[in-house]
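The block underneath contains the structure these notes are about, expressed in structure tokens.
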Ligand SMILES: Cc1cc2nc3c(=O)[nH]c(=O)nc-3n(C[C@H](O)[C@H](O)[C@H](O)COP(=O)(O)OP(=O)(O)OC[C@H]3O[C@@H](n4cnc5c(N)ncnc54)[C@H](O)[C@@H]3O)c2cc1C
């Protein structure tokens with residue numbers, strides 16, 4: 001068999017080179033090909049598109065497209081850290097930097113591109129970076145730790161992404177652009193202006209029409225000198241001025257190279273040498289370089305099809321639409337965004353207060369969508385892009401596309417059903433609507449199996465909302481009820497299960513699954529049921545240890561390395577010196593890493609499972625209680641010092657915060673709950689970022705609800721004003737209980753409100769006007785939970801049987817020696833996560 | 001396939017294990033997670049190490065099923081593994097080792113691969 005195998009060498013193990021390996025291995029059922037891949041970088045191919053997530057703490061190996069074993073398991077020989085320096089076309093060999101020769105039958109160049117660095121005097125200075133590889137980002141990150149400010153040279157797509165990264169690194173960030181507007185190729189003046197305003201609101205300074213004449217500094221950069229005489233002082237510079245295809249190998253071996261760079265290929269992605277293909281960013285096709293992954297993936301598929309002898313359509317170019325990610329400002333641009341097609345007619349929509357700009361360009365005959373721009377709201381991007389890409393006929397009133405149907409004749413839906421079967425839904429993997437519908441009909445009836453089967457949504461993920469819509473619409477057509485059921489074990493929603501538990505007085509998971517579910521449960525339904533049982537019966541959660549997630553099982557937060565952290569409750573953030581000393585003593589005794597949390601309390605890290613009951617015994621003896629930091633439950637009610645001390649304070653915020661925190665402590669909910677009370681309008685307790693926030697007024701309290709910090713911050717909304725303390729608590733009782741009863745699992749109040757039909761008005765009606773007649777019931781249920789509260793740690797400490805469960809091994813008393821720590825600034829931290 | 005030789009390590013009395021959940025057994029330097037389903041009386045054993053982030057935690061994961069397949073979910077990132085064959089059920093490449101179990105008397109035994117280097121110590125323990 002082996003003798004007839006053709007040898008394929010892939011130069012470049014980037015995104016496209018990887019896709020080629022994956023596709024060829026999949027297609028080559030008869031094992032006609034042997035694949036050898038060379039990558040210059042030290043890691044196997046990684047997800048360059050999501051490179052910036054490295055700054056959000058993503059580990060390097062999480063970015064890998066596949067681990068090394070993936071290649072091994074498929075007998076693909078991967079040589080990383082290996083640069084190919086020469087091609088000898090006569091002998092059909094490539095030569096690596098060590099001088100080793102490798103024979104090929106077919107050569108696939110997937111060498112990508114490097115960052116283009118303009119020839120400005122001083123670019124070689126220390127502190128100047130590009131933004132292309134993991135190595136670049138590592139270097140950049142470590143340098144940034146000594147910097148206060150950064151400039152990004154280039155206000156294009158990538159430059160703005162780099163700017164956001166710099167901002168997240170805590171740097172004062174400047175974007176320097178030579179053109180008169182940002183994203184000059186994708187946006188028109190109005191769109192770009194709005195984007196600029198939004199970037200400035202984020203704290204990024206934009207400098208337009210600036211040409212850099214020199215990078216100043218003595219060895220290390222100090223700032224940028226512009227041709228107009230102005231100077232920008234910065235500590236570092238990230239160049240993002242475009243890409244330069246890696247065509248040096250091709251040049252050396254005499255293959256045609258385009259005047260502006262890139263290896264020239266024909267519509268079959270072949271070079272002038274019939275045994276050499278080029279795919280990805282290194283290729284110049286009909287004079288164009290494609291700086292996106294989707295066209296590269298399409299090229300990879302094309303070449304694979306040719307190699308295995310499948311019929312192929314010539315490569316005819318590719319749509320360069322873009323939806324900007326990661327910068328918190330929604331921007332989309334597709335097709336002929338600037339309306340450069342002769343006769344094209346623009347339709348514009350601008351809403352200054354909301355910060356939205358939309359533009360679509362319609363063909364001269366009014367029948368086709370040529371392209372468009374969306375800034376501030378890209379919710380219609382998917383649909384518009386479909387109209388554009390599939391040359392779909394436009395509705396009679398094309399402005400409906402961006403304005404929505406404004407009454408009158410019922411406009412036909414632009415929904416998913418209006419799409420033709422040939423519509424491409426996933427551009428990265430080139431998956432059409434038909435593909436997806438067939439997969440659903442063949443039995444892939446949930447999103448994960450649909451993704452696994454078709455690969456749709458596994459690239460950039462941008463099409464997932466649409467894939468989901470398609471799935472639901474298709475299921476409906478098949479006569480299947482689309483219901484957000486919990487998981488395979490329960491075909492009920494969380495809310496339905498709560499009702500069942502109540503009505504049938506079910507007190508254990510086993511009873512519930514036997515009666516209303518199937519199978520053995522899983523990591524999704526077990527914690528949800530545990531939470532429902534707690535919200536209904538308020539029995540100590542230790543009774544249901546086997547269905548709790550590890551944090552609730554051990555009543556502590558699991559940390560890297562498998563140790564736990566301990567957080568005693570410090571209601572309202574008020575603590576006596578004596579109690580503070582006890583915390584210090586306990587921490588010192590058990591050598592716990594100690595840190596103040598954002599919720600005004602103290603977190604003690606690094607406890608072994610078997611130490612937890614001992615630690616708590618000491619804390620409880622000193623009058624502490626569990627802080628429930630491990631639970632989906634009330635965390636803290638933060639407070640500012642208020643009228644007792646503060647000369648501005650108008651109410652006693654600390655006393656009220658303590659009262660409220662003690663009222664709701666231990667309350668189990670669909671997700672964690674945070675509160676705050678501020679003593680005056682200055683809002684030092686940041687109440688408007690909490691699930692419920694209270695701000696003192698001269699007359700009483702203003703109540704805010706459904707705020708959220710975290711990755712998607714959302715301001716709380718003003719719910720009611722000038723309340724007395726009793727009414728304020730009554731409203732919070734009703735509000736929280738209504739949330740507990742109706743929210744989906746793992747949904748914070750902010751997200752719950754966003755999905756709640758009728759929004760804040762509906763919530764006011766239920767809570768204040770008692771429109772559903774639920775008010776008393778909600779209060780009664782809350783009262784029951786408040787009255788039945790007990791500290792679960794006290795329970796454990798006093799119960800030898802429960803205590804015995806806190807040990808690492810069943811068969812020996814030895815401690816777990818796999819826990820490893822190392823020192824940092826006088827404390828300990830876990831040894832690194834592999 | 002070559003037949004592997006195993007020996008039966010006498011782990012612990014069955015009443016020592018929490019029901020419908022997991023616990024950890026230590027054998028020499030090895031940590032083994034043990035799970036039981038109270039209704040069917042099935043017992044499973046696998047490595048305690050989650051291969052995703054190399055953390056010794058699987059015994060503390062939630063036990064469950066996926067179709068007919070018994071599984072455990074790692075508490076860190078919710079990677080799930082079959083307790084029958086150790087396959088990663090999220091479709092990733094990392095799998096885990098599982099071990100046979102049996103109950104004799106009131107004791108749980110775990111079938112571990114018999115390595116000559118460990119034979120002496122093993123005998124001392126069993
Ligand atoms: C920060 C960032 C964000 C991006 N965001 C998006 C986005 O949102 N959407 C999108 O579609 N695209 C995006 N892109 C572009 C996308 O990453 C590229 O289009 C894609 O990576 C191109 O794939 P490639 O395989 O052609 O090149 P690359 O991924 O660059 O891979 C080429 C590889 O070949 C290696 N190589 C080169 N020469 C040799 C040699 N002689 N010997 C051995 N190895 C060699 C290189 O070291 C490199 O690892 C982004 C890029 C960056 C940098």
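Cβ atoms are placed via backbone N, Cα and C, with glycine included.
Around residue A:684 ([4Fe-4S] cluster binding site), the C-beta neighbours below 8 angstroms that are at least 6 residues distant in the chain are A:640, A:678. Annotated [4Fe-4S] cluster binding site per TrEMBL: A:640, A:646, A:680, A:684, in sequence order.
According to TrEMBL, the feature siroheme binding site maps to A:684. The DSSP secondary structure for residue A:684 ([4Fe-4S] cluster binding site) is coil.
Annotation source TrEMBL lists domain 'FAD/NAD(P)-binding' at A:7-283.
Feature annotation from TrEMBL assigns domain 'NADH-rubredoxin oxidoreductase C-terminal' to A:321-385. Averaged across the domain 'NADH-rubredoxin oxidoreductase C-terminal' (A:321-385), the predicted model reaches a pLDDT of 84.
According to TrEMBL, the feature domain 'BFD-like [2Fe-2S]-binding' maps to A:425-472.
If you look up TrEMBL, you'll see A:559-621 marked as domain 'Nitrite/Sulfite reductase ferredoxin-like'.
What TrEMBL records for A:631-768 is domain 'Nitrite/sulphite reductase 4Fe-4S'. Here the domain 'Nitrite/sulphite reductase 4Fe-4S' (A:631-768) is broken down by DSSP into helix, strand and coil counts: 52 helix, 33 strand, 53 coil.
Other residues of the same chain near the [4Fe-4S] cluster site, with their Cβ within 8 Å of the Cβ centroid of A:640, A:646, A:680, A:684, are A:641, A:642, A:648, A:649, A:653, A:678, A:679, A:682, A:683, A:685. Listed in sequence order, A:642, A:643, A:646, A:648, A:649, A:650, A:651, A:695, A:696 are the same-chain residues at least 6 apart in sequence whose CB falls under 8 Å from the CB of residue A:680 ([4Fe-4S] cluster binding site). With a 10 A radius on its CB, residue A:646 ([4Fe-4S] cluster binding site) counts 16 other CB atoms from all the protein chains. Within 10 Å of the C-beta of residue A:640 ([4Fe-4S] cluster binding site) there are 27 other C-beta atoms, taking all protein chains into account. Proximity of the domain 'Nitrite/Sulfite reductase ferredoxin-like' (A:559-621) to the domain 'Nitrite/sulphite reductase 4Fe-4S' (A:631-768) is established through 3 or more Cβ-Cβ distances under 8 Å for residue pairs spaced 6 or more apart. Helix first, then strand, then coil: DSSP counts for the domain 'Nitrite/Sulfite reductase ferredoxin-like' (A:559-621) stand at 32 helix, 14 strand, 17 coil. Proximity of the binding-site residues A:640, A:646, A:680, A:684 to ligand 1, judged by a Cβ distance under 6 angstroms to any of its atoms, singles out none of them. For the domain 'NADH-rubredoxin oxidoreductase C-terminal' (A:321-385), DSSP puts the residue distribution at 5 helix, 29 strand, 31 coil. Counting Cβ pairs under 8 Å to the domain 'NADH-rubredoxin oxidoreductase C-terminal' (A:321-385), the stretch among A:7-283, A:425-472, A:631-768 with the most such contacts is A:7-283.
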